[in-house]
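First the structure, in the form of structure tokens, and then the observations on it.
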């Protein structure tokens, strides 16, 4: 009654009225599936309890149904079709940026680097379909490769000098190659048969092009040469052999107004009617093909220096010319055959930029290359100050200056259809893809070759569809880039040669060639077999990659050798079932091949020298250096034959002494080590056992998680189960499901654990074994319960171990639906919106693992964990499009990484301790016995290392990790240091000298890490030496030993010079230039220099330091480039290779010298302080007592690192250990 009295306003039908009101309100917010139907008892979309989520229709993205075209990622969905249609009606065009964002090109990656030539490769071309790659090298070979999987299809032989240019006709039926042997050879692309040998030039070919001009079946090809001639070769598209009828009488123009003039570049207009050429006489010449036969139309002489780059636009009668006078000109055809130009001054700067310095004003810019974008709106010029400049092609206005290259750029390649994209590459080994609209880098690759420095990039081309590009370098490599997976290329070996590549040829009077041994034309010979750079045959699985050998029986795929001792020398017995089934018996091989094989199979010491006696072949081979299987610099006087090339094969496949001669002097220079040269056996390194970047990385990242000793982490059972399922599904490696931790003990969905044990296991892939000890979440103390897991970083599998610090930070954030966030993926920020929070699996309702359902800005729906999402600051940079990311800055990365806790790095904190330890490591590496551990192990010399050592580490890696704050605490650093000794004992004999050295270094470094010193190393230290007599004894003083370390650079430089003298590439630089042969040399070169003079100065001890030695040696390379500026000359490529190797070697010598000098200065200060201290002790004491009674406190006399130095020296050389005591 009281309730009724208190609610008199409630009518008897109050509940009914409420229900009537709820229906219309709900229909407005969440409409029903069938309008007009009202029911309190409905279900699903008709229920009064329905939500927006229940009524929304699932929409599948178009990308779900898209098939990847050659690995390219699907494009983001463009605007609404109707809007797009209206927009196109307004302007006649559609925005290309909405169809294909520039960010897509970030996904282009290197698929494979293949060593296929023994010399620099200056020429590369694709066929018109993009399916074949052609490379032309200084080794006089043209090779045809598959662009889809990198297979070597064919080798075109015939030239006897460097290949200078390649061209493919527009019908995609012919390939032409110009050479420094003054000839042009044309081959049929279908059969690889030679079509013509054109001999119309009296100098080297400088450029070669097929004309787009079409007149019936008549076609033209043009060539230019150093003889200042332009030759127009006419041919009939229906008869290749028409070349033979006119090869002696091309339509020739000789443009030589004075001696020495050369025609160096040429370019056809888009329709092929005009040809523009550039010459060293500063003149541009225009030729016209529209009058029935080629005619010279005009001569343009606006430039004041040689014109060595020229390029027609893609549409219209405009072309750009680049000159050494520091200008480029955009030429356009006007009425009455007049050509007018717009001047582009390379000294121009952007408005508002800082004024040029005095040095920049003094520097004379020169144009090295020119190009147009695909739509001809901009012109790009490369300047010899390493800058790229982007100009408006209609007004000549400077739009952008692109910086990034560190040497001259000679490759500018526009994208085949995207006007925003330009590719550049240069002699610094850098390859950039640029966004011309914004003037920014989109993709970058550095062509570093292990042990040889960087490889200068000489040429680069896009495929016709723009999905791939390929480049060649100074060391003979072909490098293929593209979208998507590299799996099709993984079946290739790193070195791809045919065993017939360098066989001698015989030539007829018309220039056609036959294989000297088989008397057959090269294209008619049976399929060859694949060998490496030393001539060693590849295993059978690689031999099937050769066209025509796919179905050969295994026993006939790899060559075999057999020997019988029937006379004074062993005789080789080789037989093979020929194609007709008849057994063919062959003659005995020269004894030298057998001797060479025996010599390389038996162990060789680093001191062994001398030759191998041979009746017909001198093998004056020094065994001090064993070449790794990378090409580059080549040792002269060394024989690298096809050692086991004789097999049961037809005669055309038999390797004879001529094959051995053909491969001689083609050897690689290994990395120079301070501890001398080590012989090794060339073997292929299996990529399966190489440790992944997850293990070897030196830069910290939030993901993937890299475990370290002492980490407190959250273990998510769901994630671990997903990893196990992924391994089983892909059959990656055998895994025992019954030994998983949830099978042995009761585990919750997430466990708070601490990493108390880490071990890496060699197995493809390398596995990380962790011991996880559980922590009581209430008290935070470690319990006695633990379990072990085994895993590795796997693509598309989420980390199931998360740092406790990241977990706690994520829990403290209050995320709501529709909140904006950003997340780090591949070092870039990606933006999205929180949709809702729901369990990843219903079995674990309380787990935070993948509990957020998010929507990325590109529309994709995905699951994320709270620690994967970050709040967006107000001033955060936004992406240019919905499907693009924003690079993570260093400051932002530091902010999201682990922050060290108090006590994890001692009293000083991480920054101070890291700096102190880095300084200690830098001084430690000056000791001789530390050299083998100062850098990563050379896997070329020790290919089995990665199959034995699961976790490689070294002092330089530790130093880099300290520099980048990789270690989260001191215990993680100590764990890494201990692996130096463990790895040395595992790979070598435990009691070997190298293992003992590793033990000494590890103990010394660990003691140094644990000794926390004040800012002043001379005060408050109780470290003392025992056995001081040995250290202070004559002949073993610190000063004398340090003097040896400081002067060690001389021995290293002598060794480097000796090695350079043995390289074939050093031949032009060994002696002074002959003034009689080159009378103008002194007029061009102010400071002549050669390796012989440098060696004499070094032997006479007239260099004060390695820096002076380096300056003189660099002068040799500078002189060579100045006197021989032709970038396609053999001498220039030899200069680049030798220079790159020298820079790689001398940098370490100079670094070690500077470190030793710093140590010397510290020692002198310490000695002065010691003398002063002893003088004070010897004086009468006025204080009644002295702290230094008895043995002096040596911590006030020597720097800690000298304790380390003495410890190492006495332990190794004197067998007397110096013991630290506190």
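Numbers here mean position along the shown chain, with the first residue as 1.
Quick reminder: no glycine exception, Cβ is built from N, Cα and C everywhere.
Beyond the repeat 'WD' (114-155), the same-chain residues lying 6 or more positions past its ends with a Cβ under 8 Å from any Cβ of the stretch are 161-168, 170, 172, 175, 177, 179, 181, 187, 189, 192, 458-465, 467-468, 470-480, 488-489, 491-492, 494-498, 500-502, 522-523, 530, 533, 545-547, 629-631, 634, 666, 1127-1128, 1130, 1133, 1136-1137. The repeat 'WD' annotation in TrEMBL covers 114-155 (among others).
The list of residues near the repeat 'WD' (156-197) in space but at least 6 beyond its ends in sequence, with Cβ under 8 angstroms from a Cβ of it, reads 119, 122-129, 132, 134, 136-138, 140-144, 203-210, 212, 219, 221, 223, 225, 233, 237, 240-241, 243-244, 247, 501, 503, 505, 510-513, 521-523, 1128, 1130. Sequence annotations record features per position, and here TrEMBL assigns repeat 'WD' to 156-197 (among others).
The feature repeat 'WD' is assigned by TrEMBL to 198-234 (among others). Away from its own ends, the repeat 'WD' (198-234) comes close to residues 161, 164-170, 174, 176-186, 242-243, 246-248, 250-256, 261-273, 275, 277, 279, 285, 287, 289, 294, 511, 1128 of its chain (Cβ-Cβ under 8 Å, at least six residues beyond either end).
Feature annotation from TrEMBL assigns repeat 'WD' to 300-341 (among others). Panel annotation: around the repeat 'WD' (300-341), residues 264-270, 274, 276-286, 347, 364-372, 374-376, 379, 381, 391, 393, 396 of the same chain, lying at least six beyond its termini, place a Cβ under 8 Å from a Cβ of the stretch.
For the repeat 'WD' (402-444), the number of residues in each DSSP class (helix H, G, I; strand E, B; coil) is 0 helix, 24 strand, 19 coil. The repeat 'WD' feature in TrEMBL is assigned to 402-444 (among others).
Positions annotated as domain 'Bromo' by TrEMBL: 925-995 (among others).
Per TrEMBL, domain 'Bromo' is recorded for 1061-1131 (among others).
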Helix, strand and coil totals (DSSP H, G, I; E, B; other) for the domain 'Bromo' (1061-1131):
40 helix, 1 strand, 30 coil
How about long-range neighbours of the repeat 'WD' (402-444): same chain, 6 or more residues beyond its ends, C-beta under 8 Å?
96-97, 100, 102-103, 105-106, 108, 368-375, 377-378, 380, 382, 384, 386-390, 454-466, 469, 471, 473-474, 880, 1127, 1136, 1140
With DSSP, how much of the repeat 'WD' (114-155) is helix, how much strand and how much coil, in residues?
0 helix, 23 strand, 19 coil
Looking only at the repeat 'WD' (402-444), report the model's average pLDDT.
94
Provide the three-state DSSP residue tally for the repeat 'WD' (156-197): helix first, then strand, then coil.
0 helix, 22 strand, 20 coil
